[in-house]
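First up is the structure itself, then whatever we jot down about it.
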Amino acid sequence: MGILNKIFGTYSERELRRVNPIVNKIEALDEKMQSLKDEDFKLKTEEFKSRLEKGEKLDDILPEAFALVREAAHRTIGLKHYREQLIGGVVLHQGRIGEMKTGEGKTLVATLPAYVNALTGKGVHIVTVNDYLAKRDRDLMAPVYEFLGLKVGVILHNLNNEERQEAYGSDITYGTNSEFGFDYLRDNMVVYKEERVQRKLNFSIVDEVDSILIDEARTPLIISGQGEKSTEFYKVADYFTKSLIAEKDFTIDEKANSAMLTDEGVNKAENFFKVDNYADAENMEIQHHVVQALKANYVMKKDKDYMIKDGEILIVDEFTGRAMEGRRYSDGLHQAIEAKEGVRVERESKTLATITYQNYFRMYNKLSGMTGTAQTEENEFREIYGLDVIVIPTHEPIARIDNADVVYKSEKGKFKAIVDEIVERYKKGQPMLVGTVSIEKSEMLSSMLKKKGVPHQVLNAKYHEKEAEIISHAGEYGMVTIATNMAGRGTDIKLTKEAEEAGGLMIIGTERHESRRIDNQLRGRSGRQGDPGESRFFVSLEDDLMRIFGSERIQGIVDKLGLAEDEAIESKMVSSAIESAQKKVEGNNFDIRKTLLQYDDVINKQREIIYKQRSEVLEGEDLKDQIRDMIRDVVYTAVNSHISGVEEEFETELQNLVNYLEDICLPKALVKVKDISNLSDEEIKEKLLEAVENIYSNKEKEIGEEQIREIERVILLRVVDTKWMDHIDDMDHLKQGIGLRAYRQQDPVQAYQFEGSEMFEEMIYNIKVDTVRYLFHVEVEKAPEREKVAKETSTNYDEDSVKKQPIKKENRIGRNDLCPCGSGKKYKNCCGRMA
């Protein structure tokens, strides 16, 4: 591979050779654009739109359009895209990922493809990781777009529906991945089409694309309502788990991040919970609570995985070190942690709507992305999203010096060496950014530096409100900044002249992350736009990566050398062993994400069908034919399922059939068994269908054409939403237990696909049955009103939260409340009779 690259160039180099002629055309138009008057820019936009309407393609107008944006940026914000940024713009327009190093002006690059694709009138979404960056980027670039005659909006978490509609109606919309995803889910829960906020998903430019499409890929967006289970069991399981002895009663698997009972632990569980067989299926709930309590107490670490703030458990994002308010672990783990820490245990939630980022972003007609680090995950981008990665050359050569890793025997020796290094460089005024993997480690390092009298600033989940401000000062003379992982990503670290003379920004990594990409991101904070800088990672054999995934070979080398605690080893062999450990973990994580996607694809196809049907109900003026089809399906299926063809049982089967249909759509005693006992199966179907259709026709006349059509819509929406929410729950339960199928020589994914498909077909039939049942029992005294099955009671999340979960509460109808179908009767005397 290396020899071929030397002869033909890398994939990126070959692709860039194709892009260069386009960039030459853009640069050649520079003089022409400079000669335009300010008022000509809006006219050019109208001209481009007109040319597109007449059949020209975006690629035909691209050179001129890019050149126009370039000049507009120069006149409005004083920035002119340089050649490398033009290359980046072309790559994004082509629906690819552009790897652009920190400080290369990604925000400015996005204006080029955003403008060109907005000319179609279908909208462009520019996606970033938090509200601060979305608003900042929109405010910075709005003058450029507005000068060109385009409207630009931003989606922030505190906007109301009208403001969201206006922002999405803009030509270009900035916002966070979670806001875009949640708005899609909410749009598919509305009861009037006018309440929707998003248009069809057209073109998306994802900033920090690796963070959103890979780090976040395993995290589903969930809109949830309050569950009904008691929380007492979590406290009981926690009490039991705290009485166990490590290794004797339970074991911990650090690679799998899990804990499980030993045989001795199982005996203790059976005695404690007073059950004969802990593994019995009827004790599944006990098993579930014990497993989560074990994980909460012995795997999840305070100030690393979560933190406590004002009596609330907040998840800490492992990639950014941010606390994610409003987001909760699913499947009872959050409740188990609450029980462990002695804070109030909240009830488990019920999922009302959910989607993963993988499936949300794959719905766009065209997807592109920017990041400083994508190449290490190129295979995943290509395989899952169909995106290739093109490395964009830097404007200035990178002057940063990346030193080899230094490896210590113990963590204590490593941190002592880090502090010595910081003290040494602080004396000469060199600014330093020190990356840690957890709040706990950053606070430990902070206290060590305080003892040495080194002034510094700490940036972790506890102080993220000041994130951008803290990080922007990190390049000043003598400034020492300790930050958890990728905190402050998206904010440039600019060097002062004195800091530059002191050697530029020094990056110190206190531990290797399990992903090379995260390490590269930390390194990339230094050496922006040709600035001087340096980086070095300090590693110990006690670090998680080395301990869990590192090879025994490294341990062997260190043992042979007989290193003391504070002695270091620096060798290429050690560095390559570390890299192979990282590759092993990355491959493992990719496989996990691929498998999860296979599961999610099952429910994703089902989601698309349900949301499409829902949309047709909202859009359609008349559901008459659809309802008639449902009535026929219910009657025909009832006949097929009740009549077996066994003569001796025919009379009994007919009676059961009549009873069944009387519960759904036939008035009592309208059809008697003797009326149909001499008919064939097909004649029975026709006779029953005729009777049922006549009843419905009379109901239409009685209620009135206009009113019955709205009632059909109200009832169908309500039934679809209720059944879909229950189905999500059922699919979740199926997935939780499906892994055990491997013991039966069954492929769990295939079993999930097959059984999930059967459950979906059953749900579709039940939607028909319930819709018909409600329609035949409805009596109207006032005009019906549509009502959401789930009402949003609060959206408790922080603007920087990457994985937000609005807490939505299911709207329960009291038995004495008015029935939502619009009959004017109490629920218990109307639709509640069938509930």
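Just so it is clear, glycine is given a Cβ too, placed from its N, Cα and C backbone atoms.
When secondary structure is read from DSSP and collapsed to three states, G103 (ATP binding site) falls in the coil class. The feature ATP binding site is assigned by Swiss-Prot to Q85, G103, E104, G105, K106, T107, D492.
Residues or ranges marked as Zn(2+) binding site in Swiss-Prot: C819, C821, C830, C831.
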Candidates G103, G105: member of the binding-site residues with the richest Cβ shell (10 Å): G103
Listed binding-site residues (E104, D492), ranked by Cβ neighbours within 10 Å, top entry: E104
Output field, ATP shell: CB within 8 Å of site CB centroid, site Q85, G103, E104, G105, K106, T107, D492 dropped: M100, T102, L108, V109
Candidates Q85, T107: member of the binding-site residues with the richest Cβ shell (10 Å): Q85
Secondary-structure category, per DSSP, in which Q85 (ATP binding site) falls: helix
Same-chain residues at least 6 apart in sequence whose Cβ lies under 8 Å from K106 (ATP binding site): G88, M100, D207, M370
